[in-house]
Amino acid sequence: MEMITNVSEYEVIAKEKLPKMVYDYYASGAEDQWTLKENRNAFSRILFRPRILIDVSKINMMTTILGFRISMPIMVAPTAMQKMAHPEGECATARAASDAGTIMTLSTYANSSVEEVASTRSGIRFFQLYVHKDRNLVAQLVRRAERAGFKAIALTADTPRLGRREADIKNRFNLPPYLTLNNFEGLDLGKIDKTDDSGLASYAANQIDQSLSWKDVKWLQTITSLPILVKGVLTAEDTKLAIEAGAAGIIVSNHGARQLDYVPATIMALEEVVKAAQGKVPVFLDGGVRRGTDVFKALALGASGVFIGRPVVFALAVDGEAGVRKVLQMLHDELELTMALSGCRSLKEITRNHVVADWDHPRVLPRL
């Protein structure tokens, strides 16, 4: 295999290697996939204002997230069904994140259970939660995650229904019969069967609670002492409501552009959310990050850190645990280089003055 020199090259190889149904499931977005493209393209509309002649012989990228010290502000987002990419699935990802000294978020719809992931190697882990109609099941899942040593709950709040993912409909997506959603083992909920369209859409329609509301963020706090991150926030209004509801943090996310198409790229929505949060809780960015330069831009716009999803599953598909480890290392090294070339020796030195976005100076329309 030719040497891989950046994160995006893993996707090209993964596309050749994975069955079409699996690759399309990981790679595709909703409907016209405008937001999917925009999640990447929007980063190119932010340019650097580097500072020179600063001693950058020592660079510190360490940060603290919800009280936990990690090696860099780059964390692993929840992505479902990782054993479709590699037989070791989420356990391999967890080991790679642990070795990198960063946080891994496990999906409710993982092929490895919270207990299996917890037993792989010590590390800081968050649990992503879909709220099902059966609240006893939800409470049981949360308590299991807490018992297994997970440190926070990332509540996915943008999925009362599944977005229309046309690739999954065309492929009649289903979970391969040799795999299960291991968090539901023994509960008759571990299979996603073949249907006339997307098996996942049918599964979600039957299981996910469409009545989920802000009062449920408060309910979650009655069943767990873990901090709750609200994932899927894109507006100032929802930022304020999340803080009022007791959220410990906010993840600016459009679900990898898989839910509502034509929402803004997350990097475009980030500043609005950061300003509304007023420093009361940390704000994180999820979506479109493929370079260390992207991470720097997110930090400059006020994010406390970023989560990466697709790069992890594609690297996992290509080279298992070693692939995920390499993706995290490449992003770490690229961010370190970007900091050095911008004149920043620590994360706190990265400021809004280090970037200029095309929306900073909107063109004035000529008078008619």
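Cβ from N, Cα, C; glycine included.
No curator has checked TrEMBL annotations; they are predicted automatically.
It should be emphasised that the depicted structure is a prediction, and the values quoted were computed from it without experimental measurement.
Per TrEMBL, these features apply:
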- TYR25, ARG165, HIS255: glyoxylate binding site (BINDING)
- 78-80, SER107, GLN128, TYR130, THR156, LYS231, SER253, ARG258, 286-290, 309-310: FMN binding site (BINDING)
- HIS255: active site, proton acceptor (ACT_SITE)
TODO: Between any two of TYR25, ARG165, HIS255, the residues recorded as binding glyoxylate, what is the biggest Cα to Cα distance in Å?
DONE: 13
- [ ] Please tell me which one of the binding-site residues listed here (TYR25, ARG165, HIS255) sits closest to PRO78 (FMN binding site), measuring Cα to Cα?
- [x] HIS255
Open item on the list: At a 10 Å cut-off from the C-beta of ARG165 (glyoxylate binding site), count the other C-beta atoms across all protein chains.
Closed with: 24
- [ ] Count the other Cβ atoms sitting within 10 Å of the Cβ of HIS255 (glyoxylate binding site), across every protein chain shown.
- [x] 23
- [ ] Check the Cα-Cα distances from SER107 (FMN binding site) to the binding-site residues TYR25, ARG165, HIS255 and tell me which is shortest.
- [x] HIS255
Task: Length of the line joining the Cα atoms of TYR25 (glyoxylate binding site) and GLY288 (FMN binding site), in Å - done: 16
- [ ] Under 8 Å Cβ to Cβ from THR156 (FMN binding site), same chain, six or more residues apart: give me those in sequence order, or none if nothing qualifies.
- [x] PRO78, GLN128, LEU129, TYR130, LYS231, GLY232, HIS255
Task: Rounded inter-Cα distance in Å - ARG165 (glyoxylate binding site), ARG258 (FMN binding site) - done: 7
Open item on the list: Is it possible to get the count of other C-beta atoms within 10 angstroms of the C-beta of GLY309 (FMN binding site)?
Closed with: 22
TODO: Just jot down the residues in the same chain as GLY288 (FMN binding site), at least 6 apart in sequence, with C-beta under 8 A of its C-beta; none if empty.
DONE: ASN39, ARG40, ALA42, PHE43, ALA265, THR266, ILE267, ASP294
